[in-house]
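**Q** Okay, here's the structure, questions in a sec.
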Amino acid sequence: MTTNYIFVTGGVVSSLGKGIAAASLAAILEARGLNVTIMKLDPYINVDPGTMSPIQHGEVFVTEDGAETDLDLGHYERFIRTKMSRRNNFTTGRIYSDVLRKERRGDYLGATVQVIPHITNAIKERVLEGGEGHDVVLVEIGGTVGDIESLPFLEAIRQLAVDIGREHALFMHLTLVPYLAAAGEVKTKPTQHSVKELLSIGIQPDILICRSDRAVPANERAKIALFCNVPEKAVISMKDVDSIYKIPGLLKSQGLDDYICKRFSLNCPEANLSEWEQVIYEEANPAGEVTIGMVGKYIELPDAYKSVIEALKHGGLKNRVTVNIKLIDSQDVETRGVEILKDLDAILIPGGFGYRGVEGKIATARYARENNIPYLGICLGMQVALIEFARNVAGMDNANSTEFVPDCKYPVVALITEWRDEDGNVEVRSEKSDLGGTMRLGAQQCQLSDDSLVRQLYGASTIVERHRHRYEVNNMLLKQIEAAGLRVAGRSGDDQLVEIIEVPNHPWFVACQFHPEFTSTPRDGHPLFAGFVKAANEHQKRQAK
């Protein structure tokens, strides 16, 4: 089986939407029956984004196999059926780390280790490994052509195109075509200079995707084709749209998939985009709207919650309602009070780390519980809901997490290495013990209680969801909380760890330790988000009576 590669680069400015363009093209090719995957090569020196600030980098997307990756992999999974893994994302830091380990082991037999060939060879090896078993692999290069950080990756893909043969390699370059209101026309010069920069590295683009706030006229596309040495039919206009899910249809309408299949000599049927047409129809024709408050600590950069925001929109699609998301800083709840939570149809508290804003989240969970407002807590959102219930219902004054108050009287949430048994002895666990280390990452099984709301929502007794956390519900203090009325609706496959809690005498109060947003897609949605948005819609109707 021969694997074909499409290398995706960006020019002029960053944030042009290379990830969306690559994912949209992959969706079209998948709709033609091809086995497609996407890779992201990030030029930063961090080994992975796991320890990077969400405010600076955006969310960390967790794959099934537990890799902490770039948020673009979330876009990839929302557009195609193929699941991403740690083989789909690697960074400069990871490449250099691997090469340096080999050098220390003597794998290079005393050779002088250099960017070329050692770093570029390592990059090529990982691209080829990630592409095994697929018809087409799209490889997105992070950053912008001209950045010094990207040079080893660009050199590697230049070499790789020669290695595998140009008949199996395409270079697709995204570039900005700005509109100047004063001149009343779009300008192609930035694109010409961007392609010139790419040519200086030794890469001739085969396809140009022209990003603009409007459709790029045919005469301007012809001009770009002439000056950039690209066929006119390979100069594609990608204008701004009100929904990213319109991009596959936009690219297909200009024959991009036909051009690629012809270049790769792929004989495959026409793409059937009916599923995407249905998504677009549902998005454009809602029967109502709801307002959901998301109370977090990284709200100045919405991309920090990208998958949650998208999952809420997917929940809206499944209920034919538009979801308006109100981002609320949890510190504002602390300083201004819960009054700022009024007029919401539902409340969601997403994941997070650190003490800042936690008391505001706890107050938010209490407000939702006491006022019968639909509540969905994710990761930390479950932990604060548990702390709130322990304090205000179970009589455990000052209950907390050891993440925030290490010596609290009631550590209802703690590292699994900090649990104490019924005799008060610290339970010692390590990365070699059955429960693993202190960080749970990736897909794990969860058993649902038969009498739970989530059992009805999922329609199954066993589910698999992705995790990213260090702290767990402290089982040694759980009995007192359950006796006060909290329901444990889901436990880990070994029945050891609390995965889902519910408040039974509440219209809709669900909190989970895992991250359901990572498996929500526009075509399929997710049971928790669909149920949550439905509850928000019902709450709105009750309030209107």
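Glycine is no exception: its Cβ is also placed from the backbone N, Cα and C atoms.
Quick paste of what Swiss-Prot says about this protein:
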type	residues	note
ACT_SITE	Cys379	active site, nucleophile
ACT_SITE	His515	active site
ACT_SITE	Glu517	active site
BINDING	Ser14, Lys187, Thr188, Lys189, Pro190, Thr191, Gln192, Lys223	UTP binding site
BINDING	Ser14, Asp147, Ile148, Glu149, Lys187, Thr188, Lys189, Pro190, Thr191, Gln192, Lys223	CTP binding site
BINDING	Ser15, Leu16, Gly17, Lys18, Gly19, Ile20, Asp72, Lys239, Asp240, Val241	ATP binding site
BINDING	Asp72, Glu140	Mg(2+) binding site
BINDING	Gly352, Leu380, Gly381, Met382, Gln383, Glu403, Arg470	L-glutamine binding site
DOMAIN	291-542	domain 'Glutamine amidotransferase type-1'
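What's the neighbourhood like for these features in this structure?
**A** Listed in sequence order, the residues of the same chain lying 6 or more apart from Cys379 (active site, nucleophile) and placing their CB within less than 8 Å of its CB are Pro350, Gly351, Gly352, Arg468, His469, Cys512, Gln513, Phe514, His515.
The Cβ of His515 (active site) has 24 other Cβ atoms within 10 Å, all protein chains considered.
In the three-state DSSP scheme, Glu517 (active site) falls into the helix class.
Listed in sequence order, Gly11, Val12, Thr175, Leu176, Val177, Pro178 are the same-chain residues six or more apart from Pro190 (UTP binding site) with CB atoms under 8 A from its CB.
Within the same chain, residues at least six positions away from Gln192 (UTP binding site) with a Cβ under 8 Å of its Cβ are Ile224, Phe227, Cys228.
Following the DSSP three-state reduction, the secondary structure of Asp240 (ATP binding site) is coil. For Asp240 (ATP binding site), applying a Cβ distance below 8 Å and a minimum sequence separation of six or more within one chain yields Ser212, Asp213, Arg214.
In sequence order, Val8, Lys18, Gly19, Ala22, Ile38, Met39, Lys40, Leu41, Asp72 make up the list of same-chain residues 6 or more apart from Glu140 (Mg(2+) binding site) whose Cβ falls under 8 Å from its Cβ.
For Met382 (L-glutamine binding site), the same-chain residues lying six or more positions away in sequence with a CB closer than 8 A to its CB are Ile500, Ile501, Ala511, Cys512, Gln513.
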**Q** Of all the binding-site residues given, Ile148, Leu380, which has the fewest Cβ neighbours within 10 Å once its own Cβ is left out?
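**A** Least crowded of the binding-site residues Ile148, Leu380, by Cβ count within 10 Å, is Ile148.
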**Q** Pairwise over Ser14, Asp147, Ile148, Glu149, Lys187, Thr188, Lys189, Pro190, Thr191, Gln192, Lys223, annotated as binding CTP, what's the top Cα to Cα distance to the nearest Å?
**A** 31
**Q** Can you give me the Cα-Cα distance between Lys187 (UTP binding site) and Arg470 (L-glutamine binding site) in Å, rounded to a whole number?
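**A** If we compare the Cα positions of Lys187 (UTP binding site) and Arg470 (L-glutamine binding site), the gap is 51 Å.
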**Q** I'd like to confirm something. Which of the binding-site residues, Lys189, Leu380, Arg470, has a Cα closest to the Cα of Gly17 (ATP binding site)?
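**A** Result: the closest of the binding-site residues to Gly17 (ATP binding site) is Lys189.
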**Q** Which chain neighbours of the L-glutamine site, leaving out Gly352, Leu380, Gly381, Met382, Gln383, Glu403, Arg470, have a Cβ atom within 8 Å of the mean position of the site's Cβ atoms?
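**A** The surrounding set, listed in chain order, is Gly351, Phe353, Cys379, Val384, Ser401, Val413, His469, Tyr471.
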**Q** Through the lens of DSSP with three states only, how would you label Glu140 (Mg(2+) binding site)?
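**A** Its secondary structure by DSSP: strand.
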**Q** To the nearest whole angstrom, what is the C-alpha distance linking Lys189 (UTP binding site) and Gln383 (L-glutamine binding site)?
**A** 53
**Q** Specify the nearest of the binding-site residues Thr188, Thr191, Glu403, Arg470 to Ser15 (ATP binding site), where nearness means the distance between Cα atoms.
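**A** With Cα distances computed to Ser15 (ATP binding site), the winner among Thr188, Thr191, Glu403, Arg470 is Thr191.
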